[in-house]
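The annotation domain 'D-isomer specific 2-hydroxyacid dehydrogenase catalytic' is assigned in TrEMBL to 6-319. Annotation source TrEMBL lists domain 'D-isomer specific 2-hydroxyacid dehydrogenase NAD-binding' at 108-287. Positions annotated as active site by TrEMBL: R237, E266. Feature annotation from TrEMBL assigns active site, proton donor to H285.
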Amino acid sequence: MKPSIILYKALPDDLLARLETHFTVTQVANLKPETVQQHAEAFANAQGLLGSSQTVDSALLEKMPQLRATSTISVGYDNFDVDALNARKIALMHTPTVLTETVADTIMALVLSSARRVVDVAERVKAGEWTKSIGPDWFGIDVHHKTMGIVGMGRIGLALAQRAHCGFGMPILYHARRQHAEAEERFQARHCDLETVLQESDFVCVVLPLTEETQHLIGKAQFAMMKKSAIFINAGRGPVVDEAALIEALQNGEIHAAGLDVFEQEPLPADSPLLSLPNVVALPHIGSATHETRYNMAACAVDNLIDALNGKVEQNCVNPQVVR
Ligand SMILES: NC(=O)C1=CN([C@@H]2O[C@H](COP(=O)(O)OP(=O)(O)OC[C@H]3O[C@@H](n4cnc5c(N)ncnc54)[C@H](OP(=O)(O)O)[C@@H]3O)[C@@H](O)[C@H]2O)C=CC1
Ligand SMILES: O=CC(=O)O
């Protein structure tokens, strides 16, 4: 008999078919308690769980006594209670690498659009305000050859460093827990403490995972350290930044502008002050959102679940050490 799994995200037809050759699939809209209750038997029998962007906590795991593997269509896994998974020796699979280049492209898009005011001035053109040759009130600031500060020099940080250094001639400062030889050799990146990155960078790009250590790592004191001309980018996770402090820093002119793909609350509430600040580019968490990359992530997650339920956790497993 094929193992049963719960799928909580729509998949392209060919990937759903691949999943169904290996498993009996119950597809649900979400992992809310009422959904779990409605499909109680399927959850009780499921050995696998596949989807994205939903909380997987101990309350859910209690309803899934047979669960052996979870597979998220994302690289970030802060929405999972990893300790609870570890306690039950449940594998957690994720999709690093396949999205790295696309996310780095998104971050460069935020850098360029914040600095050159692409969104702001395009809206002015559409509003019919381009009636004569433009003046300094339409100007932006240069990106090329400015100092790029990267907080989190992992896979995405490295791909960002490549774009910034090789494409835009930017010197790179970075902060991570350890030194990264590849970034230093290929892009002459300089490993610094967080304070130095914040003080010396023209662009501060945060590409950190959300953990107990990184939650609100960037707050009032950190914005105060940045240059008044600095542009702040967050493409890691919203709660890494104290959003109230960011809003204050933008309103008080402590920093020049911000480009944001992630927020403390997503979707961003319609009354967020960020939406009325002209020096903010706010994106709806589109880091990896291209047709190609989202397909590749879903394919990777399907393969990951097939592998994990066959006892193969050498690749893309967050907790291989606990899996039997
Ligand atoms: N906006 C979006 O759509 C997307 C957002 N993301 C986010 O980006 C994150 C990073 O992805 P990826 O680059 O693949 O991950 P990696 O694991 O490759 O890199 C994470 C980096 O963060 C650093 N880091 C972690 N904790 C700390 C800390 N406490 N202090 C300093 N540095 C720290 C790591 O340091 P060290 O090297 O020293 O271990 C590492 O350099 C994801 O976890 C996710 O949250 C990812 C994809 C899309
Ligand atoms: O935010 C997206 C991810 O893959 O993580």
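Any Cβ shown, glycine's included, is placed from N, Cα and C.
Automated prediction, rather than curation, is the source of TrEMBL annotations.
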Alpha-carbon distance [H285 (active site, proton donor); E266 (active site)] in Å: 8
Least Cβ-crowded entry, counting other Cβ within 10 Å, from the active-site residues listed as R237, H285: H285
Cα-Cα distance linking H285 (active site, proton donor) and R237 (active site), given in Å to the nearest integer: 9
Average pLDDT across the domain 'D-isomer specific 2-hydroxyacid dehydrogenase NAD-binding' (108-287), rounded to a whole number: 98
